[in-house]
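Here is the structure we will look at.
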């Protein structure tokens, strides 16, 4: 697997004062489920933003991405439409440039990203919080098999990426092996910069 991250050009200094909450974790960890529940919990909080990622594949039912063809994606890069973009698992992903305006306005921006972009984003943004969402390997395998998304590719290969790898650069780790409602409440507390333990 090849993953490459590229930041938008022309930004000077770390962007703030808002927070960039990066959600990372292995396939099948339940990131999209927890993000959907957290977004619903924050629906009336105008200081929390959940931008849609741009992806060069069709979105699944659990995702709210903007699907683009590879050619459209390249044009977006050429036009400077993305704050950051990266390639992973044979697809291209990006975050819209507008997240910078939200962060400058003091909002918390919550995004699902590849862990390969963490270092670059920590340099580009003043207040980055990395939340690793993970689950035991047997739970990951069950979820991936049940999901059976064509773009998941080789499930065994995806599972070989260590669960610990997702947590290596994390500020907070959520072991998503129980109630999605409970774990989404943990995520909301992190997003709102509150204590996340019950």
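Using the three backbone atoms N, Cα and C, a Cβ is placed for every residue, glycine included.
What Swiss-Prot annotates here:
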type: BINDING; residues: 25, 26, 27, 28, 29, 30, 31, 32; note: ATP binding site
Practice problem: Report, as a single number, how many Cβ atoms besides its own are within 10 Å of the Cβ of residue 26 (ATP binding site). | Solution: 25
Quiz item: In the structure shown, which of the binding-site residues 25, 30 has the fewest Cβ neighbours within 10 Å?
Solution: 30
Self-check item: 8 Å Cβ shell about 25, 26, 27, 28, 29, 30, 31, 32 centroid, ATP site members excluded
Solution: 133, 134, 135, 140, 143, 176
Practice problem: Using a 10 Å cut-off, grab the number of neighbouring Cβ atoms around the Cβ of residue 31 (ATP binding site), all chains included. | Solution: 25
Practice problem: Please report the number of other Cβ atoms within 10 Å of the Cβ of residue 27 (ATP binding site). | Solution: 18
Quiz item: Just counting, how many other CB atoms are there within 10 A of the CB of residue 28 (ATP binding site)?
Solution: 23
